[in-house]
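Read through the structure below, which is laid out as structure tokens, and then see the notes.
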Amino acid sequence: MKSAQHNTTEWSDSVKLTVYDNKPRPVLTVSPSWLSPGASVTLKCEVEHPSAGWRFYWYKAVPDVTDNLLPGSSSGTEQDSYIVHGQTHTAGYVCKAGRGNPVIYTMYSETKFVWSGDVHPSASLTVIPDRVQHFTYDSVFVSCEGTSAEWRVRGIIDDGSLSSCSDWRMLNRSTFKIETYNPSNAVYWCESESGEFSNAVNITVHGVILVSPAHPVTEGGSVTLGCKLQKLKRAQYPSRVVFYHNDKIVQDDIRVKLNITAVSKSDEGFYRCEYSGEKSPQSWISVKCEYISTISSETETYFISSFPSLLSCDLRAHKTHH
């Protein structure tokens, strides 16, 4: 009997096959991170090993991410970016991706926030004492005030991690102490159980501080800035104290206070100081401008957060008939 003939081809090119034990976690970015009220915000969701077939799902993070799919993303979007129109207040977002049939999903991304320093009508965050910069081991408190029954304080510390500074508390118990054991820079805000946010406030802990208000100052009023050194020996006087406005020297002598009278829009900007050669962090001084007529009241509020990337002009008209 004649044996069967077998023909063989050449070997194919090799293909690398990678198997992942764990679900990947996409990376969410937001732009801008500080908000002009009413501006558009772009969300971008990136998977570590991008390939065809991914669809992207977009969520508001508070109060419960599973119940807060953004409009148009219930079936996922082909694009890895999503634009939120008309954002006015602080908000947190997450994303995830999925592909295949049945769909296999990634993990949720870490929460990313779009910040607004503008005061929300139903909530506000107060810093006690009322300044942006504080010494290590200072007693610093933040207080939530608003119309919602329950609030909690949250923060993003300088390494980017999200922390819950408190559990849900009744409003009359919503004052919390911030840890100031080490130099740090963090953003804090109040968050209601129903998903509302207060204004966001930056708090810096350092050994040399610029004493400046945590909230905007009113045009036409006055404000006093101070320069303090934590490791100050008794009866020790500074050899030199320098105040800077947008990196330009505005006062250079031994006075530890800078008085600004008749505050105007031109006084907005970055301020910092040096105390006998030791430098403070810089802080942004905000100006709130109000114009009131005797016939009608039109309030024009220019608000700039204590962060460099937020610049907004919010016009509110309140007409009063006499």
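Note: Cβ is positioned from N, Cα and C throughout, glycine not excepted.
Taken from TrEMBL, the feature domain 'Ig-like' applies to 24-97 (among others). For the domain 'Ig-like' (24-97), the model's average pLDDT works out to 84.
The domain 'Ig-like' feature in TrEMBL is assigned to 206-286 (among others). When the domain 'Ig-like' (206-286) is classified with DSSP, helix, strand and coil residues number 3 helix, 40 strand, 38 coil.
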